[in-house]
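Engineer: Please read through the structure below; I'll follow up with questions.
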Amino acid sequence: MPAKKTMAQRLGQALETMTRQCGQLPETPAYGSWLLGRVSESPSRRWVRIKRIVTVYIMTANLTGIVVALLVVTFAFPVPSIYTDAPWWVTFGVAPAYATLALAIGTYWITTRIVRASIRWAIEERAPSQADGRNTLLLPFRVAAVHLILWDIGGALLATLYGLANRVFVTIILFSVTICGVLVATNCYLFTEFALRPVAAKALEAGRPPRRFAPGIMGRTMTVWSLGSGVPVTGIATTALYVLLVHNLTETQLASAVLILSITTLIFGFLVMWILAWLTAAPVRVVRAALKRVEQGDLRGDLVVFDGTELGELQRGFNAMVNGLRERERVRDLFGRHVGREVAAAAERERPQLGGEDRHAAVVFVDIVGSTQLVDNQPAAHVVKLLNRFFAIVVNEVDRHHGLINKFAGDAALAIFGAPNRLDRPEDAALAAARAIADRLANEMPEVQAGIGVAAGQIVAGNVGAKQRFEYTVVGKPVNQAARLCELAKSHPARLLASSDTLHAASETERAHWSLGETVTLRGYHQPTQLASPHRRPPGSIHLTAEHAEEIRTDRLG
């Protein structure tokens with residue numbers, strides 16, 4: 001039976017679902033919350049979004065603070081009463097008028113003047129200067145400072161007016177208004193920092209913030225705790241001290257005052273710390289989601305750095321790591337293209353060393369017929385395009401049959417089967433690849449004739465060269481024999497020849513595609529070699545897979 005969720009877990013799940021900041025949700029927005037929009041959003045629309053978020057939260061936080069202050073003055077300190085022991089024009093005239101005026105003017109001034117002036121560079125799509133970045137990062141502090149000033153002015157004004165009727169009101173009003181003002185300012189500071197993430201991200205692109213403007217996670221946490229919990233608790237202690245000195249509350253009234261202040265402190269303190277934890281967790285969750293994508297092989301895109309604390313450094317570090325991985329993959333891809341995927345993989349597994357090893361392998365040598373005439377009679381660009389089409393067919397079939405293109409030499413290519421990766425029957429792979437190459441060349445590039453030679457046997461495969469520069473290559477009789485067979489195949493009707501020894505070592509299935517022919521003595525050899533060639537197919541009988549047909553269509557359209 002599953003455990004029953006606590007109230008905190010339910011509230012946390014509700015907030016995470018609403019803001020889409022939970023790491024278990026299907027995707028994590030770039031700024032940590034869908035409320036902040038997308039990275040691609042236009043500056044004008046982003047400004048409207050920020051203005052609405054800041055306005056709504058400032059209004060909500062201040063109205064809540066006003067209600068709480070009224071409840072504290074009314075129920076926590078019932079004696080003297082602001083309704084019966086003070087002038088009515090203060091309670092029902094000046095206090096509501098100042099609250100309304102301060103809320104309207106303060107909200108307008110903060111959103112239209114302070115916020116807009118600090119992020120004007122972002123609205124105008126200008127690169128931020130150092131001063132712009134400083135003003136943007138200081139904006140949450142300025143918003144909180146404006147709230148403290150307005151609440152302190154209101155507290156001083158009301159304390160003075162109420163104090164004319166009873167001096168006890170001075171302490172009560174100053175205490176209640178100051179405590180609520182601090183809590184409201186703290187909440188507005190945190191939420192303004194949240195709303196400004198998209199603009200802060202742009203500011204942080206210009207460089208790391210000065211340390212004095214980014215107190216770090218520890219500094220931010222302790223500041224929020226001090227303002228959200230430390231100050232209210234101090235207020236409770238002040239209340240007790242006030243009662244001890246003034247003696248104007250009964251035990252029941254004192255208990256009620258402490259209870260109300262404690263509940264207020266718990267609620268506001270919990271809310272402030274919850275928002276702080278929520279904002280702190282967002283960058284971590286964004287990084288965690290990005291790490292999951294990297295784990296799955298997705299290296300596209302960088303994180304948006306929107307936090308000025310150590311979490312922003314974490315985001316920068318992640319971006320640096322991904323950039324390094326992308327560069328590594330790019331170098332790996334280039335290395336694999338130059339030396340072959342198998343050779344590159346072997347070099348990654350172990351440190352390359354000069355030397356070689358005996359291997360049983362098969363070799364395929366492919367060379368274009370009449371390449372000199374082709375180069376002399378065609379423009380260079382056309383020749384290069386033709387060679388690329390030719391080698392694309394060769395590489396495709398060699399890869400498909402688990403071979404390795406060891407090198408390109410002008411208009412010729414040398415392919416190895418069985419090195420560096422071992423194959424159970426390298427002869428089968430080499431013969432099948434050679435047949436496929438011959439078939440595709442005849443069907444896809446009839447204007448190009450090429451000779452193909454196949455031989456198998458013992459070779460020496462390894463790194464040859466010097467310590468400063470070496471390459472993986474193969475040497476041995478099969479290599480030379482394949483080259484001689486390739487020369488001979490240029491004048492053979494099938495354009496493809498293999499040695500009988502290679503054919504005998506192949507499987508019965510592969511041998512069924514070949515026929516033994518005449519015996520010749522290859523140039524440079526004393527022993528005769530019996531030739532083998534594939535069965536001749538009637539014109540138009542060449543079988544093409546859907547993949548090859550699509551490649552032909554693409555080449556012709558291109």
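Even glycines carry a Cβ here, placed using N, Cα and C.
Pulled from Swiss-Prot, these are the listed features:
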- 63-83: transmembrane segment (TRANSMEM)
- 90-110: transmembrane segment (TRANSMEM)
- 143-163: transmembrane segment (TRANSMEM)
- 168-188: transmembrane segment (TRANSMEM)
- 226-246: transmembrane segment (TRANSMEM)
- 258-278: transmembrane segment (TRANSMEM)
- 279-330: domain 'HAMP' (DOMAIN)
- 362-486: domain 'Guanylate cyclase' (DOMAIN)
- 529-558: region 'Disordered' (REGION)
- 545-558: compositional bias 'Basic and acidic residues' (COMPBIAS)
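Please situate the listed features within the shown structure.
Structural biologist: Non-local neighbours of the transmembrane segment (63-83) in the same chain are 90-91, 99, 103, 151, 162, 166, 168-169, 172-173, 176-177, 179-181, 183-184, 239, 248-249, 253, 256-257, 260-261, 264, 268; each lies 6+ residues outside the stretch with a CB under 8 Å from one of its CB atoms.
Same-chain residues lying 6+ beyond the ends of the transmembrane segment (168-188) with a Cβ under 8 Å from its Cβ atoms: 57-58, 61-62, 64-66, 68-69, 72-73, 76-77, 80, 82, 86, 143-145, 147-148, 150-152, 154-156, 158-160, 162, 224, 227-228, 231-232, 235, 238-239, 242, 246, 248, 264, 268, 271-272, 275.
Sequence-distant contacts of the transmembrane segment (258-278) (same chain, six or more residues past either end, CB-CB distance under 8 Å): 15, 19, 21, 68, 71-72, 75-76, 179, 183, 186-187, 190-191, 194, 220-221, 224-225, 227-229, 232-233, 235-236, 239-240.
Across the domain 'HAMP' (279-330), the DSSP tally of helix, strand and coil residues reads 38 helix, 0 strand, 14 coil.
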Engineer: What counts of helix, strand and coil residues does DSSP assign across the domain 'Guanylate cyclase' (362-486)?
Structural biologist: 57 helix, 41 strand, 27 coil
Engineer: Mind checking which residues reach the transmembrane segment (226-246)? Cβ under 8 Å, same chain, six or more beyond either end.
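Structural biologist: Residues 76, 168, 171, 175, 178-179, 182-183, 185-186, 254, 257-258, 261-262, 264-265, 268-269, 271-273.
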